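Everything on this sheet refers to the single structure shown next.
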Amino acid sequence: MEKSNDHDKASHGGSGGGATEKWEETSLGIRTAETMLRLAPVGLCVAALVVMLKDSETNEFGSISYSNLTAFRYLVHANGICAGYSLLSAAIAAMPRSSSTMPRVWTFFCLDQLLTYLVLAAGAVSAEVLYLAYNGDSAITWSDACSSYGGFCHRATASVIITFFVVCFYIVLSLISSYKLFTRFDPPSIVDSAKNLEVAVFGS
């Protein structure tokens, strides 16, 4: 009888250890994927920032630089902030169990949302400026500028396109951080007054 009990304990212990190892492997895989996803925007942000910083042109019509346009200056600052946050958040996400605490989950959720809207706004206003630079606006007698400053417009366009790739990464990160936060809460429940039963809204 004692041998049988010992055997049962050993088998339960073995299965428990296997489950723990499997959970740790899954957790490590998720953490690695999230870390890589947070690192990816760093290079893109730096690329968009550098391209825009070097964007200037001088010809017989005069000189133009990214610093002459508020939207492009905002794009540079937004990409700089995004690169710094991406690097810092990737370092924190790579730490074992560091991102599992509730304050960290809330922090990632809020900052991921904030950075998504920040970079999206920078890309949107810069794209609007580029549209006017390429097409002008006949209603207010604005002529297009890109026919005279083609190189400037091409570099600005490249920077804006890269910025929208950053936005795509941050949309995915926002979805991940939202999922990690809201799966910690129980689904709301309703009370059936006729049966006096409490039923989960999303089922069992």
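Placement of Cβ uses the backbone N, Cα and C atoms for every residue, glycine included.
Feature list (source: Swiss-Prot):
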type	residues	note
TOPO_DOM	1-32	topological domain 'Cytoplasmic'
REGION	1-21	region 'Disordered'
COMPBIAS	1-11	compositional bias 'Basic and acidic residues'
TRANSMEM	33-53	transmembrane segment
TOPO_DOM	54-74	topological domain 'Extracellular'
CARBOHYD	N68	N-linked glycosylation site
TRANSMEM	75-95	transmembrane segment
TOPO_DOM	96-113	topological domain 'Cytoplasmic'
TRANSMEM	114-134	transmembrane segment
TOPO_DOM	135-155	topological domain 'Extracellular'
TRANSMEM	156-176	transmembrane segment
TOPO_DOM	177-204	topological domain 'Cytoplasmic'
Other CB atoms, at most 10 A from the CB of N68 (N-linked glycosylation site): 11
Long-range neighbours of the topological domain 'Extracellular' (54-74), counting only residues six or more past its ends (CB under 8 A): 121-122, 125-126, 128-129, 145, 148-149, 151-152, 155-156, 159
Other parts of the chain folded back onto the transmembrane segment (75-95), taken as Cβ under 8 Å at six or more residues beyond its ends: 31-32, 34-35, 38-42, 45-46, 48-49, 52-53, 66, 104, 108, 111-112, 115, 118-119, 121-123, 125-126, 159-160, 163, 166, 170
Tertiary contacts of the transmembrane segment (156-176) (same chain, 6+ residues out, Cβ under 8 Å): 34, 37-38, 40-41, 44-45, 47-49, 51-52, 55, 66, 72, 75, 78-79, 82, 112-113, 115-116, 119-120, 122-123, 126-127, 130, 133
Contact set, same chain, for the topological domain 'Extracellular' (135-155): CB under 8 Å, 6 or more residues outside the stretch: 51-52, 54-57, 59, 61, 64
Reduced DSSP assignment, N68 (N-linked glycosylation site): helix
